[in-house]
Each structure stands twice: as structure tokens, then as C-alpha cells.
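Undergrad: The structure under discussion is supplied below as C-alpha cells; questions concerning it will follow.
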């Protein structure tokens with residue numbers, strides 16, 4: 001009965017880099033490789049696993065390879081575990097026999113020869129496979145017991161033969177050590193004065209010169225000044241205290257840029273020579289320095305930014321907050337650990353959902369206006385810009401939000417809106433006589449007709465009812481105009497959002513201003529699209545936008561007439577449409593138009609193309625802000641010869657159930 005279980009190999013070395021090198025060498029060997037960086041970790045693995053072979057580094061802190069081998073021999077059923085010792089330098093006979101006394105089967109010198117190492121490992125794996133097959137066969141075949149004992153005796157004999165062969169081949173191994181040029185890390189041998197006696201190709205490359213030109217030069221010449229004291233202390237520990245130690249130093253090669261290396265050294269004979277290994281850690285050091293610089297920049301930003309900065313995890317818990325952010329939140333103590341929702345009024349939680357979704361989808365969102373609240377529940381206006389923070393794996397780990405208190409700016413905007421609304425009311429007041437005179441004239445004519453019929457004694461009850469109904473119709477029209485103007489003139493800042501129909505709002509504006517257009521002989525037409533979805537927002541602010549556009553169109557036409565541009569039919573057209581989930585409102589006039597150099601400026605506050613004293617320069621700017629509140633935008637096309645087309649593009653709003661990215665506390 002065959003045992004098909006995959007063999008296990010234990011490799012122990014305090015150098016993680018060298019562990020990975022050995023594992024890579026054995027990648028094609030049919031075995032599971034277990035790695036340990038200390039004797040304690042190795043003993044733990046040995047208590048849980050049966051290994052075919054143990055490869056132990058001699059030079060390890062706390063518990064060296066010899067001590068570990070002795071401890072292995074004291075473990076139950078581990079006294080026959082084959083052990084190969086690794087050493088970074090040539091060992092004398094006393095060291096070798098010490099290893100054999102602790103159960104060594106073989107020695108290998110770093111850097112190991114790949115072919116020799118794989119060959120020896122495969123021998124022990126084959127022995128382990130045979131051993132396990134014999135043990136497995138014992139359960140089904142009693143007679144295999146004799147064969148198993150025979151194999152065990154053979155294995156002991158082979159181990160003894162390998163031990164004897166080790167002594168005989170030590171001299172040849174010293175010669176092989178000369179081939180360490182093939183090692184993937186730098187090696188050099190120095191004397192007590194620091195003079196380079198030997199160096200391999202990688203080592204000479206790190207020092208930036210040909211290896212034959214480096215012999216007898218002092219290693220200190222290639223070490224940056226800031227690392228001189230570190231090197232001196234390191235070599236003192238090696239030569240004076242015989243310690244196997246390591247350190248990081250910065251090299252200044254003869255040619256090329258500076259590099260960082262990790263030095264590890266050990267005495268190799270009584271002639272006061274030291275074998276140094278040099279591992280290039282430049283990329284690691286540069287990454288560490290970049291990380292430190294990034295962290296310093298990050299903390300500097302937190303301390304110096306005039307805006308509040310808050311870092312939250314994906315659940316909305318605050319990880320870190322700047323002093324300005326704490327001040328905005330009204331907290332003198334820490335707010336780390338609190339939930340971001342604690343500072344969001346209930347009315348703004350849907351806005352926070354939009355911020356989170358946009359940041360997750362597009363990576364960031366900028367200058368989003370939102371109502372916030374302090375720890376004492378007082379509210380203020382804030383402007384938030386949020387971006388993703390990603391980990392090394394590219395996954396989103398957190399959000400960073402920059403928060404600015406815009407309460408003062410919102411107050412100024414409110415005052416500007418009030419100024420513009422008053423200007424709009426002034427425009428309405430100018431035309432109120434025209435809007436109301438027409439129904440009043442109609443009422444006057446009806447009453448004259450009634451009086452005439454009474455005098456002629458031709459009046460009838462039906463005639464009187466018809467005329468009286470017409471009087472009431474015109475009175476109702478006057479009342480609607482007055483009521484709408486009165487509502488329009490009120491402060492709308494505290495208006496609660498509600499659904500409204502765009503076509504109805506446009507019609508309201510037309511009813512307030514149509515008589516002014518008729519008086520100026522301007523043809524005002526409206527082409528509504530019937531199936532326009534409702535919007536949620538402030539209907540009166542939207543009407544303020546439409547009214548502003550109509551007044552601008554009227555003024556542009558009058559300016560064209562004033563400049564004697566020839567006879568033309570004055571007209572303004574309004575239309576609504578639905579295009580790809582976008583509500584389109586177009587206001588088209590054939591007035592004086594806007595020059596190309598001014599088109600990009602007309603949406604700026606206080607910019608106007610009108611003559612001084614006429615207009616505030618705020619109308620289009622405020623209109624732009626109102627349309628932005630609805631998630632839309634304004635596009636302007638204009639030609640001084642043909643007039644202007646202003647397009648309001650507003651996305652259809654989704655009022656489906658919204659799910660917060662941040663969980664509520």
C-alpha cells in the first residue's frame with residue numbers, strides 16, 4: 001500500500017530574503033516548503049508536522065542552529081530527522097563536529113549551489129517517501145515490518161556515510177565558496193582595518209567599480225559621511241565582540257546614484273577577517289522615505305489648511321479630524337470615533353447619500369453645498385469636497401472630506417437674490433398697469449354695454465348673467481396676477497421643496513408679462529411638450545429664472561430696434577422638450593445678440609451688457625445658481641445678427657428609495 005502524501009521540508013533562517021531564495025530554488029521539487037525565521041517558530045511547526053528534512057541556518061539570534069538541532073533531537077519521533085546546516089562562511093572542523101554531534105547530516109555554505117542543494121534534497125525526499133510507504137504498508141502487511149527495519153538501517157548507514165563524506169569534501173567546498181560571484185546579493189571580505197580583500201560581482205556593482213580595482217581599498221571610502229558612525233559601530237561589534245549583527249548604511253558609489261544596503265557580517269577565521277553580505281534595500285528605503293514625506297505632508301495639511309478636513313471609514317466613522325474641523329463641529333475635544341451622521345441634519349441626509357455615491361462612482365465630488373450641524377445642534381451651511389483614499393491593493397479604504405463654512409457667503413447670496421428679486425419686481429411693477437388694464441378695460445366695456453341695454457330697455461336675464469360672468473372672469477384674472485406677484489415678491493429662502501410642473505410655471509410667468517410684450521409689439525409664443533415630468537424644488541425660484549430670461553429677451557429686442565438695425569418682426573419663443581432623460585427649456589429671441597467675447601462672461605456676477613444704470617448684472621448669475629440647485633446647467637448660443645438661444649437642461653430627478661452609504665447610528 002503506497003503513501004501518496006506530499007513530503008514536507010522545514011527551512012529555518014532569520015533572513016526572510018534568504019528564505020524566499022531557498023524556496024524559489026526548490027519550487028520544482030515535489031514537496032511542501034515550510035519557512036521559519038526563528039528556532040521557537042520552527043519547534044512549533046515540528047510539533048504539528050512530520051518533516052522529511054530540516055535545513056537550519058547556524059547563525060541565528062536567541063537560538064542558533066546547533067541549539068535548535070539539539071532541541072529537535074529531544075522531540076518525540078524526531079531523533080531521526082535529517083538535518084542540513086547552512087553557514088555563511090567556511091567552518092572549521094570543531095564547528096563541523098559540533099554540528100554532527102547535534103544530528104547534522106550535511107553542511108551547505110551560503111550562497112548554496114542550486115544543483116547540489118536540489119540533488120541532496122531529492123535524496124532525502126526519496127528516503128522519506130520510501131520510509132512512509134513502508135510505514136503505510138505495515139498496516140496491511142505484517143511481513144513488511146522486516147523490510148521497514150531494513151530500510152531504517154539503510155537510512156542510518158546512508159546518514160553515517162554522508163557525515164563521513166562531509167569531512168572529506170570540506171576542502172572542495174572551500175574552493176566552491178570562491179564561486180560566490182553567482183550569489184544574488186553582494187559579498188565582500190574585509191580585514192580589521194576595513195580594507196577590501198575579496199568582493200563578488202554584485203558587491204562591486206553596489207560600490208560602482210570593477211571588482212579588481214576595489215581590492216585593498218577601504219570600505220569606508222564608499223560609505224556616505226552620514227553613515228560613517230553606523231559602520232564604525234557595526235564593524236566594532238563584529239571584530240571586537242565577535243557578534244553576528246547587521247545594520248543599514250548609505251553607499252556613495254564611484255559612479256551612479258547613492259544606494260542603501262543592509263550589511264550583515266561575521267568573523268570567518270582567526271586572521272581577523274570578516275565576511276560581509278550587502279543586500280540592496282534602496283527601493284525599500286525610498287519607499288519608506290516617500291511614506292514619511294507623505295505622512296508629514298498629510299499632517300501638515302491637517303494642521304495648516306484653513307478648511308476643516310475629516311477622514312472617515314466606509315461606514316462613516318470619523319478616523320481623524322483637523323483642528324479646524326473640530327472647531328466647525330463645535331467640539332473642543334476629540335470627535336474621532338464619532339459617526340459623521342451626528343453632524344448632518346435629517347434634511348441633508350439625502351444630500352450626503354449623493355455625495356457618497358458620486359465619490360464611489362467618480363472618485364471625487366467638489367464644492368457640494370450642504371446643511372451641517374454642530375454638536376450643540378445649531379446648523380450652518382457648508383461646502384464639501386470629498387475624495388477616495390485607496391490602499392496599496394487599489395481598494396477604497398476611506399473618504400477624505402474638505403469642509404468649508406460658507407454661512408457668510410450664503411448670507412451675501414441671499415442679499416443678492418433679494419436685490420435681483422426686487423429688480424424683477426420692479427420690472428413687473430412697470431408692466432402691472434398693462435397686465436391689469438386689459439381686463440379692467442374689458443370690465444368697463446361690459447358695464448357700458450349693460451348700462452346701454454338698460455337704457456334701451458332691451459336687457460334680458462340671460463344677457464345680464466352672461467355679461468356678469470365675463471366680469472367675474474376678468475376679476476379672477478386680475479386677482480391671480482396680483483396674488484402671483486405678491487407670492488413671487490416674498491422671501492423664498494424658507495420655502496419647502498415641493499413638486500411642480502415646468503409648463504405651468506412658464507405659463508405663470510407669461511401671464512405676468514405678456515401684456516408688456518404686446519405693448520412692445522413683441523410676438524411671445526410658448527410651445528410646451530405635454531409629457532414633461534414634475535420637478536422637486538422651489539417653483540417660484542424657477543419662475544424667477546424664466547422671468548429673467550424673458551426680460552433679457554425683451555430688452556435685447558428693444559436694443560436692436562434702438563440701434564436702427566432695420567425692420568424686423570420682433571419675436572420670442574419658449575419651448576419645452578424631453579431629450580434622453582433631460583428636460584430642455586429653450587428661450588429664443590431675435591434681438592441684438594451677445595458677442596462671442598462676452599458669452600463666457602454673462603453668467604458671472606455683476607457682469608452686464610446693458611447700458612449703465614439698467615440691470616444689476618446679477619440676473620443670469622443667480623439664474624445659473626438656481627438651475628444648478630436642480631442639478632442642471634445653462635447653455636448659451638448667440639449671434640449678433642440672429643439673436644440668442646438660452647437652453648436650460650435639467651435632469652429628470654430620481655425619487656426612488658435611496659439607500660445611505662453611511663449606516664445611521
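Along the chain as shown, residues are numbered 1 onward.
Even glycines carry a Cβ here, placed using N, Cα and C.
Automatic, uncurated: that is what TrEMBL annotation is.
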Undergrad: May I ask you to indicate which of 51-90, 91-130, 131-170 is given in TrEMBL as coiled coil?
TA: 131-170
Undergrad: Mind checking how the domain 'PAS' (172-242) divides into helix, strand and coil residues in DSSP?
TA: 39 helix, 13 strand, 19 coil
Undergrad: Among all the protein chains here, how many other CB atoms are within 10 A of the CB of residue 57 (4-aspartylphosphate)?
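TA: Cβ-Cβ neighbours of residue 57 (4-aspartylphosphate) within 10 Å number 23.
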Undergrad: Indicate whether residue 57 (4-aspartylphosphate) is helix, strand or coil by DSSP.
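TA: Going by the DSSP assignment, residue 57 (4-aspartylphosphate) falls within a strand, counted as strand.
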